[in-house]
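Asks: Sharing a structure with you now.
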Amino acid sequence: KEGYLVELGTGCKYECFKLGDNDYCLRECKAKYGKGAGGYCYAFGCWCTHLYEQAVVWPLKNKTCK
């Protein structure tokens, strides 16, 4: 599974500005989903890869980013 890293409190994606390989996104994806996860910046949001199937990613049901 893969998807955008989401802030559970707000429903917003984690923003990033350096597209492609991005240390911030990689670090945040690993912190949230475990050391096996990967991450990079895609369309100004942190995109996480190699996630477990139950991982929560953006968009959240019933919670829109404001």
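One is the number of the first residue shown, and numbering goes on along the chain from there.
Here the Cβ of each residue, glycine as well, is placed from N, Cα and C on the backbone.
According to Swiss-Prot, the protein carries these features:
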- CYS12-CYS65: disulfide bond (DISULFID)
- CYS16-CYS41: disulfide bond (DISULFID)
- CYS25-CYS46: disulfide bond (DISULFID)
- CYS29-CYS48: disulfide bond (DISULFID)
- 1-66: domain 'LCN-type CS-alpha/beta' (DOMAIN)
Asks: Have a look around CYS41 (disulfide bond) and count the other CB atoms within 10 A of its CB, chains all included.
Replies: 21
Asks: How big is the gap, in Å, between the Cα of CYS16 (disulfide bond) and that of CYS46 (disulfide bond), rounded to a whole number?
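Replies: Here the two Cα atoms lie 6 Å apart.
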Asks: Using C-alpha atoms, which one of the disulfide-bonded residues CYS25, CYS29, CYS41, CYS46, CYS48 comes nearest to CYS12 (disulfide bond)?
Replies: CYS46
Asks: Give me the CA-CA distance between CYS29 (disulfide bond) and CYS46 (disulfide bond), in Å, as a whole number.
Replies: 8
Asks: Could you list the residues of the same chain, at least six apart in sequence, whose Cβ is under 8 A from the Cβ of CYS25 (disulfide bond)?
Replies: LEU5, TYR14, CYS16, GLY39, TYR40, CYS41, CYS46, TRP47, CYS48
Asks: Could you tally the C-beta atoms, other than its own, that fall within 10 angstroms of the C-beta of CYS12 (disulfide bond)?
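Replies: Counting Cβ neighbours of CYS12 (disulfide bond) within 10 Å gives 19.
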